[in-house]
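Enquirer: Have a look at this one.
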């Protein structure tokens, strides 16, 4: 009987850890209830392209690391084709709202893919929210899990447009402390610094691309500690001005168009 109880407790702990590995709540103390979903960027190596980032556990891709830049490859167009899997009917409103939020505030727009357009975003069902960083060419998957909110989807779209997480900026040590001892084993890479372009945009705790305090925590303690007040760190409700400015600069948006978009 004691052996059976021991085995049951061990199995329960394994299930608990797997669940924690897949879904981690963000900054609940500041009223943020969205979820960061496991390793939300995937690694891809293609000819004449740098490697983009972390592999999704369900994808058969080979991890290949080199010095990471703060941005990926931009799309060759500002009007990006997309296609939504028929299985995504229940989440279609959130997908459309996420794209609309980006197009309302930047020069990036989205349109339903035409048959002769080979390069496009393809939204499809997954267990988590994840995508590649930057333009890959061809059908570019944006995987959407059942817990992915509109804000999570917007976060993934910004990854697909070429942007890494805010908390991995090369200058992040001036603004946050990363507590490696609290990070789930194997997830440390999601906290490594990127080298490269910040577009001279100030660090923003409230960026939609910033993780919350205890994301991927192995023990419930903070993995990211801000060095200044950061009430809404890890929010997934809206694009902040820093997110908008980053897109505008990376895609060389006309300043007058940018002004019109952000004021609308």
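Cβ from N, Cα, C; glycine included.
For reference, TrEMBL lists these features for the protein:
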ACT_SITE  156  active site
BINDING   155, 159, 165  Zn(2+) binding site
DOMAIN    69-254  domain 'Peptidase M12A'
SIGNAL    1-19  signal peptide
Enquirer: Run through the Cβ atoms and count how many others sit within 10 Å of the one on residue 156 (active site).
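Expert: There are 25 of them.
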Enquirer: Return the residues near residue 165 (Zn(2+) binding site), defined as same-chain residues 6+ apart in sequence whose C-beta is under 8 angstroms from its C-beta, sorted by sequence, else 'none'.
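Expert: When sequence neighbours closer than 6 are ignored, residue 165 (Zn(2+) binding site) has 190, 209, 210, 211 within Cβ distance under 8 Å.
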Enquirer: Around residue 159 (Zn(2+) binding site), how many other C-beta atoms are within 10 angstroms of its C-beta?
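Expert: Step by step: centre on the Cβ of residue 159 (Zn(2+) binding site), count other Cβ atoms within 10 Å, giving 25.
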Enquirer: Would you count the other C-beta atoms found within 10 angstroms of the C-beta of residue 155 (Zn(2+) binding site) for me?
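Expert: So the number of other Cβ atoms within 10 Å of residue 155 (Zn(2+) binding site) is 27.
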Enquirer: I'd like to know the mean pLDDT over the domain 'Peptidase M12A' (69-254).
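Expert: A mean pLDDT of 95 is what the model gives the domain 'Peptidase M12A' (69-254).
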